[in-house]
Structure formats: structure tokens, C-alpha cells
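Peer 1: So TrEMBL says this about it:
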DOMAIN    13-222  domain 'Lon N-terminal'
BINDING   GLY375, PRO376, PRO377, GLY378, VAL379, GLY380, LYS381, THR382  ATP binding site
DOMAIN    651-837  domain 'Lon proteolytic'
ACT_SITE  SER743  active site
ACT_SITE  LYS786  active site
Amino acid sequence: MSSVNPIQIPSRLPLLLTHEGVLLPGSTMRTSVDTARNLQLVRSRLLKGTSLQSTILGVIPNTPDPASDAQDLPPLHRIGTAALAVQVVGSNWPKPHYTLLITGLCRFQIVQVLKEKPYPVAEVEQLDRLEEFPNTCQSREELGELSEQFYKYAVQLVEMLDMSVPAVAKLRRLLDSLPREALPDILTSIIRTSNKEKLQILDAVSLEERFKMTIPLLVRQIEGLKLLQKTRKPKQDDDKRVIAIRPIRRIAHIPSTLEDEDEDEENDDIVMLEKKIRASSMPEQAHKVCVKEIKRLKKMPQSMPEYALTRNYLELMVELPWNKSTTDRLDIRAARVLLDNDHYAMEKLKKRVLEYLAVRQLKNNLKGPILCFVGPPGVGKTSVGRSVAKTLGREFHRIALGGVCDQSDIRGHRRTYVGSMPGRIINGLKTVGVNNPVFLLDEVDKLGKSLQGDPAAALLEVLDPEQNHNFTDHYLNVAFDLSQVLFIATANTTATIPPALLDRMEIIPVPGYSQEEKLEIAHRHLIPKQLEQHGLTPQQIQIPQVTTLTIISRYTREAGVRSLDRKLGAICRAVAVKVAEGQSKDAKLDRADVAAGEGCREHVIEDTKHESVSDATDLALPPEMPIVIDSHALKDILGPPMYEMEVSERLSQPGVAIGLAWTPLGGKIMFVEASRMDGDGQLTLTGQLGDVMKESAHLAISWLRSNAKRFHLTNAFGSFDLLDNTDIHLHFPAGAVTKDGPSAGVTIVTCLASLFSGRLVRSDVAMTGEITLRGLVLPVGGIKDKVLAAHRAGLKRIIIPQRNEKDLEELPSNVRQDLSFVPASCLDEVLNAAFDGGFSVKARPGLVNSKL
Ligand SMILES: Nc1ncnc2c1ncn2[C@@H]1O[C@H](COP(=O)(O)OP(=O)(O)OP(=O)(O)O)[C@@H](O)[C@H]1O
């Protein structure tokens, strides 16, 4: 060996104590520094020192976990590796620590520990010389047989790997250029070896010993590799490449380790996936994409994040029902029976659905229209959608769109995104497993918009029968045919549905129910359903019709039946407790009977009674069956009634009238209040009114001012100019709710007419209608919901625009019978109907009042 330019390490070295990994000379390692001693060392030597010397450390391996022994210096391994700190990276999370990149230079031996705190420093003796070994024939001779043998094995190992991989080619070059003495250390750190083996190599100070110990490790590696190659198809270049990319992991596969099994399973999975792709009936374009992706997957190391992504993608592609569908069962008569059985009333909706199904029966691959059920909550829109699927014998899937504000929810993310997923449509198809399900797009009116795009726009493509046979989800990136899917949408209002989306759907209004309809729904559907859910039978509980009516009118105020359903649920729960208590008491009695025998029966009953009284007073006796829910029981269970009939109370002063409003939650009655005071002709409007409603108020005042003389309306000073020295305040209660629309026009006129005439509006009358400056009454929408709301509130006379008379046909006959309707074409007719005895010029009893 000729030595050229030997590197000398300092004779005193600060010691870095590591407890995981062994650094060998010639290799590089990343180590985490988080113990107090090591942190001190890094701070005072590496971060403050500026000379090259200060970056040389003595790395002592195999220290017991330093955290467990913070105070005293633990026993140190005798031999360590002098190392150069190449990089220091600091971080404060999760706790302050550094990560060091260190390169091993040579072995050293501790002669004496010089100081222990704040970090240990030792006097050391260098064991290896860091010298350049020229690769000459002479030096090779000197290395002897051992080094030659080692070299051969090393070359054999490297050649088993794929040379086209740059890392392997580089290693091959290094084998020739590096000094042979350095090879055992370098190869030991590259191939799969345990820490214990590495420690043995570190301790092997004599070169001969080192070669002897490393050769078996190399041989083991080579054998493992051979075995692996045998189990793989020999001719596949790709496999060789994969082995090359993951040499260390694969080489370590000594026969039948757990990891090996995992790997084989993985390979089996890929083969299965490939088979599935071949067997699947996906369109050609999708098939091509899958074949391309599976080829990529085979070449990919499993540790790559993309591996899992590609696999998930392929699994989805295989699972999607490209060509799988159910056969439609189209029997209109059966459909009618099923719809009638599942839903009471809703005649218009059921009629339209049956028409739709009938057309489907005649023309099998009907394109569109998309039905959209619009109505207040709890009127059965979703459940009709479910029934449609049942009648057709199709799978049903509900997609809740409320609050969705990201278009990728509909269309999926591109696969380049971290955590990318397909959209809800494709996900739904995967869930149902057929390509012709019924998809219920619930709450389309509550789609949001955000920086992540407009989901309503993404829905346009889905719902357009002309385009949806080619729907492309971003995640799939190939077209999927949605034309067989039957889409039904539901919404509470059309106002917030974007016009383009609205245009693609056929709107079917679903109005709220009358009290009688609710009563029928409760007894035919809700009560039996609740009894079943609570494990009760009609022999155990009885809810009379009067009780249901009380719940409808005094415990709920809604257009649908959801709240009613909840209240019935509460009653069933309360009864279930009683029944269960009764049963357990019966059981107790029975057990006691058996134990004590017939002879002492009375005695036992005495005892049991005594016990139950002391346990809880209401456990006294099992309740008598059936438990009938009368008004007392109702009050006990649901508490005092929530809604009172307040109408007549609120109409006890002039200047109040009842209007009818339509909201997405159904119809509502609305009190309009007016008052006047001294002022300079100001009109104040409160109650969160929209522009249209404010304009209606101005119209109403103008019409009354221009007709004041005709009706003898005067202000507080007796003047026919109603705003002379007078301010008017109009308020629409439920002030927190925004209100708009022209239909309150007639109510405002009536309310002001009452204020200026000093007469009370009839307490049983409600009205709706738009007004013009000339005093005409124009038609408005939502008549059915409004009338039902008035009926719920117990009103008797409804003033509606004459041109809305035709809408009354939609009302249930009992509601029509209960109410009297006054169709009005002008404001005179409205006022005549709203006040007792009419509101003509002659009717002037209130004038006296108003003049006072
Ligand atoms: N006409 C009816 N006949 C029988 N049950 C009904 C009827 N209307 C509603 N229901 C019942 O009322 C409950 C609520 O209905 P559903 O969930 O379909 O309401 P919805 O109109 O879709 O409400 P939302 O707009 O809040 O989604 C269901 O249990 C349903 O079975």
C-alpha cells in the first residue's frame, strides 16, 4: 500500500451518541439530534464553529436510548466513526431538534473520556488511515486473495441488477475506482444488513477480518436475489428494472418472510386486476386507458405514492357498471297502486309521475325530461322519488346537494390532486353497481358557489339529455354514458335555482297539505311506521283522531308532515317506556310465582307491590292496554300546546289586517300593522321588506289618498289629505325574516283603510293580491299554499284576485267547503269584503272615531 496525502483526524473529538443506525466509514447517514447532550454539541460545535476541524465529530453507535439516562454518561461503545457533518437542519416541530447529514471518515478508538458535560469529549486514536489507494496491479497483489474474492462477489451482485438504472451503473463504476479496502464498509452500508452486523463490521479493525465478515453477507444477498429472479418470469426486462430500483428491499427476501408473502399477494392482485380489465365490458377508449395504466403500475415501485393512486383508479374503472343494468318493470297499473299505497293525496304529482312512466313504457329509451319536485319541506318529495325507483324496479341513490359549493363534488378532481376522488355521480354509480339507477338530486336549490367553481354549471352537463351520454368526470378522464340514469331533482323553491338549470327540468309543484290530509297521512302512514319503529302494536297504543288533530293544529305549524311525524315519534317513545316497564313488572311477578309456588302467591304480590312503591311511584301497576292518548296524556308527553289561535286577539284594534304569504317552507299568514302620528308626511316601513313590497306600500297610500274623499277617510286632523301633518308607520311582523313580492298590496290597502277609517277589519278574513294605481287587483302565485295556511290558522273568508279563481280547483274539497272565497277584481270589492257591513261611502260608523 502506498499512502498518498493521508487525512489525519484530530486527537480530541466531541462525541455524538447515536442509538439507531451505525455509520460506517465511506457511507453517509441522516440522524436526528434531540437529546440534551447532542443538542449542546450541535449548537456549540457545528453552529458556532467556523473551521473544518469543528465539523468533525466522533460518532459513537449503539448508545442506550439517551432519553432514559439523561444525567450520567452511559457506557460508550469502544469504537466509533469519525464523521464530517455535511448539513445541519433545525426544526421546532414537534419539539426542537436538528437533523444532521454525516459522512463517515474512518474508525477511531476511545482512549479516554476527557469531559462529560455539556457534551462528552474524548481523546481518540485513529484506526484507519484515509489514504488514496492507486488501483495498480501491485496494490491488487498486496490486497491478496481475500480482497480479490470480495471484489468478484461485489461485481456479481451489481451485475445481477439492471445496468440501465443510473444508480446501479454508478455503483459499478465505483467498484473499479474505489480502493478495495474501502469496499467492505461501503457495500455493507448499501446492502440489507442488520445493525448488529454493521456493528460487527465496525468493530473489525483488521482489514482481513473485515473482508472475511463481509463476504458471507454478500453471498447471502446474491442468493436471495437469485431466488427472487427464479420466481419471476425470466424474460421480463421490466421486472429486472423493478428489482434494480428496489434492490435492498428485494435482496433481503430470504425465502418465505412475511414481506415476501405481501409482495406476492400484491403481484397476485395486479394479475387479478389485469384479468378483470380484460374481462370487463368497458368501452374501447376506457379499456385502452386501463391497459396503459396497468403497464405503468407494473413498473412502479410500491413505495411510490402514485402506485396507490393508480391502483385505486384502476379498481374504480373495473368496478364501474359500464354495461350493467337492471331490467325495467313497467306496469302502469301496478305503479299506480304502489304510488297510492305509499302516498296519500298529492294527486297532481302522482298523475304527472304516472304520465312520465307511461311514456317510458311506450318508448323505452326516453330522453329526458328531468322532473323537479318543488315544494315545502316534509311533503314527501324524496319519498315519491324512492317510490318511482321501486315501481320501475331500479336501484335508488340519493345525492344530497345542499351546501355543495365545489364543482369537483359533481365532476371529481383531476388525478394530479393529492387526495383526488371521483365526483358524486360516478361514486353513486359505483355504489349502486348498475348504469340505470334513479338518482335523486336532493335540494338543487341549495347549491352554493365558491372559488372552487359553480357546481350548478357542472350539473348542466349531467342533466342535459343531449350531452350526458358523454359525461366526463375529471378523475376518470374518460366518458361515461349517463343517458340511462333517471334523474329526479327536488327543491324547496325555484327562486334560487340558476335559470339554465331550471330550463333543463320540468317543474312539478308539490304544495303543502290541509289539516284533513295530514290527519289521513298520519293514520295511514306515519302512525303505523312509528309503531313499527318503536316495537309497539295497535293493541298497546291507540291515538284517536281528535288527538292527532290537536297535534296538527296546536303542536305543529308546517306545510309538510315532518314535525307531526316527530311528535308521533315522541308519543311512541313515551308509551314504549310504559309498556316495557309493564312487561318487566309482569316478568318479575311470573318469576316470583314460579319460585314461591302457588301457595304463597299472595304474599309475593304483596312484597312486589311494596318494593315497586318504594322504587318509583309510577311503577305501581302495569298500565292497562291499549294505552289511549287523550288530551291529558298528550299534554303530559308533549307539554303545553305551542301554538294558540291568536288571530282575533291581534285584530282588536284598527290598523291591522291579515295577509297571506308564500315562502319556500309553505304558505303563511302575515299580520300587517299600521299606525299614524304627528309628522310631516313620512312613510316608514319596517320588517325587512324588499323593493317590490316597499313599492306596493307607496301604491297603497297613493290610491287611498286619491280615494280618501270617496270613502270619507281622514287623518287625525279631519283632513282628506291623509299625510297632512301625519307620519305613517307600516310594520310586517316576524321582522327578522326578509319579505318581498307584490301580493301584499291588497292587505296594505285594507290595513291603512282600517287605520284611517278607525274601523276593525273582520277577524276571520285573510287576503292576497297585487294592486295597481288604478285600484285593480292582479293575480298572484302560490294560492293553494296560502289558502291552506289560512285554513290551518282557522280563518274563514279569503279574498283572492278574481283571475286566481281557477287555482281553487286544486284545493281539497273539505277545505273549499270550510272557507268562503271572495274573488275581487278591484280594491272596492276587497274593502267591502274585509269589513263587516262593507266599506261603502255610506258605511261611516268609524268616521266618528277617526275624527276624535
Ligand atoms: N303524502 C304522503 N303520504 C305518506 N307519507 C308521506 C306523505 N308525505 C310525506 N310523507 C312522509 O313524510 C316524511 C318526510 O317526507 P320527505 O323526506 O320525502 O320530504 P321532502 O319533501 O323530501 O322534504 P325535504 O324537502 O325536507 O327533503 C317521509 O317519512 C314520508 O314518508
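Backbone N, Cα and C atoms are what each Cβ position is placed from, and that goes for glycine too.
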Peer 1: These are the recorded positions: LYS381, LYS786. Which one scores highest on other Cβ atoms within 10 Å?
Peer 2: LYS786
Peer 1: Hey, how far is LYS786 (active site) from GLY378 (ATP binding site), Cα to Cα, in Å?
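Peer 2: For LYS786 (active site) versus GLY378 (ATP binding site), the Cα atoms are 17 Å apart.
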Peer 1: Which recorded positions from the list PRO377, GLY378, VAL379, GLY380, THR382, LYS786 come close to ligand 1, meaning a Cβ under 6 Å from one of its atoms?
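Peer 2: Once distances to ligand 1 are taken from each Cβ, PRO377, GLY378, VAL379, GLY380, THR382 fall under 6 Å.
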Peer 1: Hey, does DSSP put GLY375 (ATP binding site) in a helix, a strand, or just coil?
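Peer 2: Coil, per DSSP.
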Peer 1: To the nearest whole angstrom, state the Cα distance for the pair SER743 (active site) and GLY375 (ATP binding site).
Peer 2: 19
Peer 1: Count the other Cβ atoms sitting within 10 Å of the Cβ of GLY378 (ATP binding site), across every protein chain shown.
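Peer 2: By my count, 22.
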Peer 1: Within 10 Å of the Cβ of PRO376 (ATP binding site), how many other Cβ atoms can be counted across all chains shown?
Peer 2: 23
Peer 1: Which residue, of the recorded positions THR382, SER743, has its CB surrounded by the fewest other CB atoms within 10 A?
Peer 2: THR382
Peer 1: Inside 10 Å of the Cβ of GLY375 (ATP binding site), count up the other Cβ atoms and send me the figure.
Peer 2: 25
Peer 1: Note the Cβ centroid of GLY375, PRO376, PRO377, GLY378, VAL379, GLY380, LYS381, THR382, the recorded ATP site, then list each other residue of that chain whose Cβ lies within 8 Å of it, in sequence.
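Peer 2: Neighbours found: PHE373, THR490, ASN492, VAL510, ALA559, GLY560, ARG562.
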Peer 1: Near the Cβ of PRO377 (ATP binding site), how many other Cβ atoms are there if near means within 10 Å?
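Peer 2: Within a 10 Å radius of the Cβ of PRO377 (ATP binding site) lie 19 other Cβ atoms.
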Peer 1: In the predicted model, what is the mean pLDDT computed over the domain 'Lon N-terminal' (13-222)?
Peer 2: 79
Peer 1: Between the binding-site residues VAL379, GLY380, whose Cβ has more other Cβ atoms within 10 Å than any of the rest?
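Peer 2: It comes out as VAL379.
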Peer 1: If H, G and I count as helix, E and B as strand, and all else as coil, what does DSSP give for THR382 (ATP binding site)?
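Peer 2: DSSP assigns THR382 (ATP binding site) to helix.
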